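S.K.: Below you will find the structure I want to go over with you.
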Amino acid sequence: MPRMFGTDGVRGLANRDLTAQLALDLGDAAVRVLGDDERSEFESRRRALVGRDTRVSGDFLAAALSAGMSAGGFDVIDAGIIPTPGVAYLTSVLNVEMGAVISASHNPMPDNGIKFFARGGFKLPDTKEDEIEAVLGQDWDRPTGAGVGRVSHDTATATNLYIDHLVSAIAPVGPDKSQPTPLKGLKIVADCANGATSVVAPEALRRAGADVTVINASPDGYNINKNAGSTHPEQLQAMVKASGAVMGVAFDGDADRCLAVDEDGNMVNGDQIMGILARAKKNAGKLNHDTLVVTVMSNLGLKLALRSMGIKTVQTNVGDRYVLEEMLRGDYSLGGEQSGHVINREFATTGDGTLTALTLCNEVVKSGKSLKELAADFPQLPQTLINVPNVDKMAAKTNAKVQAAVEREEKLLGDTGRVLLRPSGTEPLVRVMAEAETQQQADEVCDRLAKVVADELTL
């Protein structure tokens, strides 16, 4: 049977795949697996924290998840609507034993998901998720009487703690308790995707001094990600040009990612954002080992540009959890994905879109350059991606003819391009990607390779 937990928790159609009963059972199982014995003498009660995005199904799922946790003896802090990285931060700063987020990120509104954070605010490794799945729905000696947990609701306190943390990343409060405003006069547009950062991002940017025009920050339970945010940036691009803003930032539904738009409405992707921030950290002496952690999907153009700046790259599989694992293993300080997940370990344990927006805006101000100028230092090689369906995806790395074709194309491209075959994690298809000096060459290489994959691996 396939694992219940995917690359980012448990996801599915709310009230069909992800039911109230399943949420209850997940809460019940999580307290058994994630409850630890590291409590200090002052921690008489076990505690968990739950947050969610703006989907209408989040209400009943949060209630069910919290019920499972409290029935297992945990006092639950319901932080209400708050970005995923906010839950990670609060799990750490409040020193609770675990955190949980109810969100399906950039997925359509009818979907939802549940993912957990361990003490310290880190996503769970596969082994812990498997332990939760193994005890799911099992009976056990649950507490009674005073051993049963309570559920408290405190959205305002949780949100304010998180906003304070975000702003302090670029504007630490001075000894006189005054709040610096490093973004003063910076005119920007923020697209909140009608999601979890609809309150947090505008407030954090304004407190840092920015002149912010906010769009898609009126969630109604049904409009999350709908023609908005990082997956649909067209409205943001138009607003930046129409308003005369110097840049724009776009978040997804749970605000763990951020993409940007320059003053001409051109997209600035996660690779370019990482490049800008990596160079800034290196110049400040804060880029550990002069290395940026990226995934296999990061554009070769980023790696070539960074190499010319004396910055190395380490590559992982797709998924911000794998980026973080490598960052922890190698003691690296910055990493992320082309999709806009950026992990800044100085301030966060997971991708944080609002933090990325603040630090990117800060670098624009400090550099004295426009975002367009900064992004131009990290040109992207033309890229073509073809999905080849209905194939034996597991044979992509072992089929002799496919591997011979890969070697031919790699030899043809040399150091000026690359190819990548990536089996889908959920479907019987292989993603064929090619990067080259020209779009025509990328198209031709990708077409040839996709044909070989189809001819050799079709089921």
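Cβ atoms here come from the backbone N, Cα and C positions, even for glycine.
According to Swiss-Prot, the active site, phosphoserine intermediate annotation covers Ser105. Annotated Mg(2+) binding site per Swiss-Prot: Ser105, Asp252, Asp254, Asp256, in sequence order. Taken from Swiss-Prot, the feature phosphoserine applies to Ser105.
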S.K.: Within 10 Å of the Cβ of the residue listed as 'active site, phosphoserine intermediate', how many other Cβ atoms can you find? Include all protein chains, please.
M.R.: 26
S.K.: Taking only the Cα atoms, work out how far Asp252 (Mg(2+) binding site) lies from Ser105 (active site, phosphoserine intermediate), in Å, as a whole number.
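M.R.: Asp252 (Mg(2+) binding site) to Ser105 (active site, phosphoserine intermediate), Cα-Cα distance: 6 Å.
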S.K.: Which are the residues of the chain, Ser105, Asp252, Asp254, Asp256 excluded, whose CB is within 8 A of where the CB atoms of the Mg(2+) site average out, their centroid?
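M.R.: Residues close to the Mg(2+) site, other than Ser105, Asp252, Asp254, Asp256: Asp53, Pro83, Thr84, Ser103, His106, Gly195, Ala196, Phe251, Gly253, Ala255, Arg257, Gly353.
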